[in-house]
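Working notes, structure below.
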Amino acid sequence: MRNNNKIAAMLLAGGQGSRLKALTKEMAKPVVPFGGKYKIIDFALSNATNSEIRDIGVLTQYKPQLLNKHLGIGAAWDYDRNFGGLRILTPYYTEEGGRWFEGTAGAIFVNINYLDSIDPEYVLILSGDHIYKMDYTKLLEEHTKKGADATIAVMEVDWDEASRFGIMNTDDEGRIVEFEEKPENPKSNLASMGIYIFNWKVLREALIEDHKNPESTNDFGHDIIPYLLNNNRNLFVYKFDGYWKDVGTVKSYWQANLDLIDPENPLNIQDDSWKIYTTALNLPPHRIGSKGILNDALINEGCIIDGEVNNSVLFSNVKVEEDACVNNCVILSGVTIKKGVKVYNSVITEDMEITKNIGDKNSTSVYLVSKDGIEEE
């Protein structure tokens, strides 16, 4: 068993995710349902559990009620411990007053005392709104082997997409020589995944200096990484070649859910060697009626299928009535598709009753269906 007591993780989970529209109207992006039974944040938390990281702080902010309920004391991820475990970290009042976290680095700065109480040698910074599997131990091993002050996980992206990301320019050894935030003419296609590991003493110093700078945006990519480069710190990249999705838009969220249906998908949520953990629903089994038809679908607890479901992800307690047909859809909990209704390429939010057709077999758009109406992407 690996011993990762020298490392503490800080999971940034306060984002609004406004581009997800109705999906984040009542909740923070990390707690948006995903994959039939999970929340988005479950993937980063499960990675930490599987990597045997003992201490993890979860920084919450925007509409945290459902996220806090989901996290509880961390029992689902084996973080209900006497030593180490999961700690929910929220904005709080100090002698300087109280306000929301200002930037990703600012959120960590406010919690320096929490990290000091753990006294880690390394600090791992994670985002709670990405879908991926990663063994953080391998990231730590690469970091220590190279004698790095900071190591940034990166992925090769298509060149025509590189201008959407923070881009790392490196030498032949993987040392970062330049960082560019969303460059118009990128020199590299190594995109930051928003996953960092730092020597704690180095990061602590950088956070304090950044806090003193009135011009800073208190952001890791925009401020902390350039500060470390300007001070000749050793920064390296860790190249990740697995599945990783940002799910920042309705269309990318829809596609990432449907990716799970593909048996060749490298994420593979059926893999027992790297499980994705979540809180239990305690619902009855799903039921497929005598006229129910399923083709390439993920069906979860409490569903009743009397119609047809093709290439779709159904969350709990979804009902598809007789002669109804669901195609290429992501349907959240408690939805009923009424008799004879045909639905295509849709993300349907909780507790909706669908009585009219949505899209058709030739649709290329994705439809977000909520109590606010139907939005097309």
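Every residue, even glycine, has its Cβ placed from backbone N, Cα and C.
The record from TrEMBL ties Gly166, Glu181, Lys182 to alpha-D-glucose 1-phosphate, and of the options Ser188, Ser192 it ties Ser192 to that site too. Using the Cβ center of Gly166, Glu181, Lys182, Ser192 for alpha-D-glucose 1-phosphate, the list of other same-chain residues with Cβ within 8 Å runs, in sequence order, Phe165, Ile167, Phe179, Glu180, Pro183, Ala191, Gly221, His222.
Around Gly166 (alpha-D-glucose 1-phosphate binding site), taking its Cβ as the centre, 22 other Cβ atoms fall within 10 Å, counting all chains. Of all the binding-site residues given, namely Glu181, Ser192, the one with the smallest number of surrounding CB atoms inside 10 A is Glu181. Summarising the alpha-D-glucose 1-phosphate site geometry, the residues cited as binding it (Gly166, Glu181, Lys182, Ser192) extend over a maximum Cα to Cα distance of 10 Å.
Residues near Lys182 (alpha-D-glucose 1-phosphate binding site) in space but far in sequence (CB under 8 A, at least 6 apart, same chain), listed by position: Ser163, Arg164, Phe165, Gly166, Ile167.
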